[in-house]
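Trainee: Quick paste of what TrEMBL says about this protein:
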DOMAIN    500-753  domain 'ABC transporter'
TRANSMEM  201-223  transmembrane segment
TRANSMEM  235-262  transmembrane segment
TRANSMEM  283-308  transmembrane segment
TRANSMEM  320-339  transmembrane segment
TRANSMEM  346-366  transmembrane segment
TRANSMEM  431-456  transmembrane segment
Amino acid sequence: MRRGISGGQKKRVTTGEMLVGPAKTLFMAEISTGLDSSTTFQIVKCLQQIVHLTESTILMSLLQPAPETFDLFDDIILLSEGQIVYQGPRENVLEFFESCGFICPERKGIADFLQEVTSKKDQQQYWADKRKPYRYIPVSEFNERFKCFHVGEKLKRELSIPYDKSESHNAALVFEKYLVPKMELLKASWDKELLLMKRNAFIYIFKSIQIVFVAFIATTLYLRTTMHHRNEQDGVIYVGALLNSLLINMFNGFADLSLIIMRLPVIYKQRDLMFHPPWAFTLPAFLLRIPISIVESIMWCGILYFGVDLAPDAGRFFKHLLLVFLIQNVAAGLFRLIAGVCKTMNISNTGGAVVLLLIFLLGGFILPKTRIPNWWEWAYWISPLSYGFKAFAINEFLDPRWTSKRSSDNSTNMGYAVLNNLDIPTKESHYWIGAAALLGFMFLFNILFTIALMYLEAPGKPQAIISKEEAAAMEEPISHPRGTSDAKKGMVLQFTPYAMSFDNINYFVDMPHEMREHGVTEKILQLLSNVTGAFRPGVLTALMGVSGAGKTTLMDVLAGRKTGGYIEGDIRISGFPKKQETFARISGYCEQTDIHSPTITVQESLIYSAFLRLPKQISKEDKTIFVREVMELVELDNIKDAIVGLPGVSGLSTEQRKRLTIGVELVANPSIIFMDEPTSGLDARAAAIVMRAVRNTVDTGRTVVCTIHQPSIDIFESFDELLLLKRGGKVIYAGPLGRHSQNVIDHFEEVAGVPKIPEKYNPATWMLEVSSAATEIRLGIDFADHYSASP
């Protein structure tokens, strides 16, 4: 991943991008993923004020909202298995489920309760009347009961009355797609493209250096001291030199393929949200490339034309330069069109290769036109290379130094003879026909690229995979209580427990160029500052802090995954200095981004990981059994035959992909496991499943460390110890949580001015709020110094 802002900061940028627009109705999907609970609360609080002050409408889906965040909402829509279980005021939701026989425990967040009470596996624990036998209530029955509940009846009455359109404001409807004038849209897009070109200046500089380097190589192959004009054979050698100008400049546009594909998700998003029409992107991208293409064309011709000794005439030099410029822009347009139609790198490489193959084979220089079969002649006329090749050849061989000499058979001049051998016309006007055709192709490809962006849909959205067994079981009544079969499953292979300690860890990176431009004088930026702690076997440690505090950075440093920057400090494994070569064999790392092979199944992913990473002494049968048990542990056995797919496009959903990431590491049977935000992107029940698997892993004696964002009370208190960081990578707490997180609460409450934790408040959220930078400024205290001075 490229350096930049953290995942939580990116999520806030996405939210802010929508808020600065004129929209009064906002649909927000999982905006809290990757954010700590304190930041989520602040954002939702701001959105609540926007709704109430501007009379906007916001529909928001959240995963694992903290109780204080949940309390900010006015209405709740509870969905389960595609049906509405409850829709109405937040204050009445517990009343509804109490009428159905279920009650929310004291130290349980309401949002977590709502997501679990409709689940077959988790429903029984909330059964209120223990004197009566528990009966599983399916979602369809909840749906029917809600219709009879007073909130459901009120909703039905409101919907039965047609809306009075006379109450609408005359200016409520917008009749234009884009409220900004077209020239303003174009200017904004122009400025953005220019800024991106400056930021990606390295790519364009590298391309220019590359074209100069290749031009020197081509010149040495056809050095003017070895070039002659005696006969047709010498002319053929000149044709080879001309083909360098044609083909190398054609391939010079290949870089546009990957650059456009990388930007397509943003382009589709901005198109669908009516930021700007596609032409506002394609037009600046086309026009801003022209100056770069002119510079590259001059560098190419300045080296090759005179180095090879092409036609010594100023007019013919500039005509050659014009063709090189046109070929470069035709190539850029063609590769953009391929990227816009194919959308992904894999399809572009295959589909684009076929298009290029046809253009090259039927360009008239591999096979002369008369040798191309009649049924392929149409492809010759639509190949831009055929026009470019003819124009290059005519420009060179109609020069007087070729036409003033007779051919070997004395029937015509030498220039005509060379052109006739290549089936190329001998009239000067055909040069301008070829140049005009290239100009037409340049505009045609860019127009088609614009049309592709206008009408083609973005790649498909992800869908959750559900097994046939699960689908069939959804409507089956449950007849047995929740079992405890998940305890310590899957950990049957022997391993050696290891502890990890680290002392005064500091991590520095070079100061980013953008920060130096804004007046920062330091040469290095410190991300971790004197971090000390230990991770022990059988102890589940949470690594927490606000977004950008350095949680992932610390984990990467300890796991040996940082290849850049400067690391100071001492890291030991069970008392011995850490050796990365052997440490990698006993450790596992679950990344925040779930990276898997998209074309294989869940079971194949796990088997591949196990067979590559488990010792050869373990038999094939034991490895297969171990994989099966790990699948059961992380509850992937029901979807073991599902194709993984591409994230954000197809295949597994976010939470299924997250569980697969954990499973891929577990099948390696590691002693120390690092997990970077294993619950981000999961709802409360999915997060509970993951944490249950993590807890089972810890109970076998392994050392497990997790970075975690906005955990619920249940998830937070499933950890044994906590390492809490503040911005700047400084430790403000390290030690056991205590029963009901009492140790952490006592540590912060002893600071003068820190308010007591409210009743039923989430300790994870509270500790982030009371240790924020704003609190430090208000109290005049540094919590890192307070922790260092504490016993």
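Cβ atoms are placed via backbone N, Cα and C, with glycine included.
Owing to the predicted nature of the structure, the values given are computational and were not obtained by experimental measurement.
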Trainee: Look over the recorded stretches 201-223, 235-262, 283-308, 346-366, 431-456 and say which has the most C-beta pairs under 8 A to the transmembrane segment (320-339).
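Mentor: Answer, by Cβ pair count: 235-262.
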Trainee: Under 8 Å, at least 3 Cβ pairs, sequence separation 6 or more: does that hold for the transmembrane segment (283-308) versus the transmembrane segment (346-366)?
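Mentor: The transmembrane segment (346-366) and the transmembrane segment (283-308): touching, no.
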Trainee: What residues in the same chain, six or more past the boundaries of the transmembrane segment (431-456), come closer than 8 Å to it by Cβ-Cβ distance?
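Mentor: Contacts of the transmembrane segment (431-456) (Cβ under 8 Å, skipping residues fewer than 6 from its ends): 267-268, 271, 277-279, 281-283, 286, 319, 322-323, 326-327, 329-330, 333-334, 336-337, 340-341, 343, 384, 387-388, 390-391, 394-395.
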